[in-house]
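If you look up TrEMBL, you'll see 10-69, 70-129, 223-282 marked as domain 'LIM zinc-binding'. Per TrEMBL, the feature region 'Disordered' maps to 172-197, 402-443. Look at TrEMBL and you will find 178-197 tagged as compositional bias 'Low complexity'.
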Amino acid sequence: MASGRPPPLERCAKCGLETYGASVVHAEGRRFHEHCFRCERCESPFADGTFHPVGGQLLCADCRDAHIGPWCEKCGGSLAAKERLIAQNKVWHPACFCCSSCGQQIDATYREHGGDAMCERCYDDRLATRCAGCRKVVADDSGIIAEGEAWHAACFVCVACGLQLVDPAAERARTPDDGAPADAGGDPASSSRAPGAGEEGCDYYVLGGKPFCRAHYLDQCMPLCAACLQPADAEPIAALGAVYHRACLVCAHCRVAVGGSAFIDHDGSPYCQADYYALFGGRATDRRAPPERSHAFLLRLRTDALRTFSGRHAELWHEVRRELREEGVRNAQAHVFADGTLLFTLALDEARDVQAALTAIFEKSAACGEWAQLLRSHAPHELAERHWLFEAAADPLELASGAAPRPEEVDAPMKRSAAHQRMRPSASAPVGSLPFAPVGAAR
């Protein structure tokens, strides 16, 4: 049975007045008028309604820190002076400062990503820059950027011999302090070269996406001198259907260089005029070989099969040279360039048909193999024929277009200088040209 007594009045814990019919805030088991719900020390309204109970009082964050001390960023608990850990400009219990990825307590150093703390193991596993060579982490201040990837300096080596291709100290010395890349200059169509390129240990060449030192780059992509079998990169000349260093084309009898003068071809060997007349007698018009025509064919075959051959295959048909002479073929050579282009040359008797000569080569040369199949698969009109008569140094890769550049327009082979990790990597450029000098055979 109801006693008839009115319910007790509910009063505000701040002002003591009734809260009946007013807006009320409940906090820590107490009731407050909405306008009375303020920090009990500074009387400021609680920002976003956030309060901190300390010693039976409701305090704002500023009063809590100023009068009581810092609180853990993660759990909000109070911190004794001996257990405070400061990280990311905040204060933590040591056990509360954990990796945002694996959740383990961070005991030593940490890394930040997106405002979150990560242990070094998680950061390295997920986000750190790795060397393209060894796949280990590259420190921010010790790596280099080359070919669009990060490397340890010790890992950026020639793939053929292991020679280290960049000196990081030298690269940093020539990199501007503000981190901007050095001005490469030069022809933008060719690979750029940073100031200082040419110093030992700082230059490299790229072939098939792999770095090479100069010696092994030339070994891979340059045609070989028919005499010394070394890359014909210095003063090469085309003669007798092959490529020679100027100093290597010598008289077969007296061994005097004839690369810069007229000589006579006798049975595939060069002779100076004096020795030719002394050895074989008679007038030159009576004793010299029948008139010849030299032909050069460019076949741009972008196939994997072609790229599997290096400069060591420059004389594919050498062993059948003498057998082909009875067919009217004086010489036949093939040179492979790094971009997958084949330069095929042959010297024929004046009356010999070119297509018939090619057929004879394919039929008689057991060494042709895949080369014969590649050439057979292309129709004759796809062979860009051009008489091999040079008035100036010319790039054989441009023969098919019919435009022989002037000597000063012929670029050097592609060459690059590795850049310090603060520098932008240079764009990939095509392999440069190989200059040829005039043919020296007397007619």
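Glycine is no exception: its Cβ is also placed from the backbone N, Cα and C atoms.
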- Work out, from DSSP, the number of helix, strand and coil residues along the domain 'LIM zinc-binding' (10-69). 14 helix, 18 strand, 28 coil
- On the 0 to 100 scale, where does the mean pLDDT of the domain 'LIM zinc-binding' (70-129) fall? 79
- Message: Quick check on the domain 'LIM zinc-binding' (70-129): DSSP residue counts for helix, strand, coil, in that order please.
- Response: 13 helix, 18 strand, 29 coil
